[in-house]
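Have a look at the structure below, then the notes.
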Amino acid sequence: MGERKVLNKYYPPDFDPSKLPRRRSKPQKKVTSMLPIRVRCNTCGNYMAEGTKFNVRQEDAIGEKYLGEIQIKRFYHKCTNCSAEFSIKTDPENSDYTVESGATRVFPHRRHTKEANWSLLEDLEKRCGDEKRRMDAEMSLEERKAVNSRREAVDFDSVLEGLKAAEKKRRLEQEEEDEAVAKFASSRNIVRRISDEDLDELSGSRKLVAAAEAARWGNSRSDKKAGCLGSQQVRISVVKKKPVASEAEKFSTIAVSGTEPEALQSAFQIYSSDNDDDH
């Protein structure tokens, strides 16, 4: 069992691997693949569809490389009906396959036809894209020119002078407003508050002034009534209270024109009779 597994091998002291004979590699190898294109056998006329599974032989096409780097491969297939052999090669340039011998491609490659049909539209789209990019570049260039021209036209000295003038004008307006407010405040009449002692001293004189104003108001009204009713004379007694400090006179009579009420005459008679009794 241990020898069958071959876990250990014996190498003699005089072993030289360079003297071992080299085995010749096979140029071809067998692989399983599917038919990449639809073909017709030239021997029996059998049609083979795309995707048919085959056991094929694969080899490198000697001396054939695309761009000097990509190796071109060759595949050998056998017809499913007559077992005739046909070969197919890769086409890296067009990303496709080509039939080399033994068969014919049923539907030829139409990539070039499709490109021809769409070439006009692609050219038109390409030109439209180029024109749009050109217009965008021109617009951006015009905007930059306009910005540069505006920057060149601006005089920073004039801008500073304008700012200074605006600031000066604002200060003058503020000063005028302050002067107007101060003038208005100084022109107002400030009323001083009277203390209670001064108010008591002035109470008597104020009462006299009030009585005089009432008498003048009564005279003016009586004059108006006299002008309207006639020239009759009426005697009216006005009672005026004197201040506490001087009680010289208690009553005074003022003669004015007008009619004499009965209640006023009776009151005057009662007052005169009282004075006679006292004497």
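Every residue, even glycine, has its Cβ placed from backbone N, Cα and C.
What TrEMBL records for Cys41, Cys44, Cys79, Cys82 is Zn(2+) binding site. A simple way to gauge crowding: the CB of Cys44 (Zn(2+) binding site) has 12 other CB atoms within 10 angstroms, across all the protein chains here.
Sequence-distant neighbours of the compositional bias 'Basic residues' (20-29) (same chain, 6+ residues past either end, Cβ-Cβ under 8 Å): 57-60, 76. Sequence annotations record features per position, and here TrEMBL assigns compositional bias 'Basic residues' to 20-29.
Here TrEMBL flags 1-32 as region 'Disordered'.
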Site with most surrounding Cβ atoms, counting all protein chains shown within 10 Å, from the binding-site residues Cys41, Cys82: Cys41
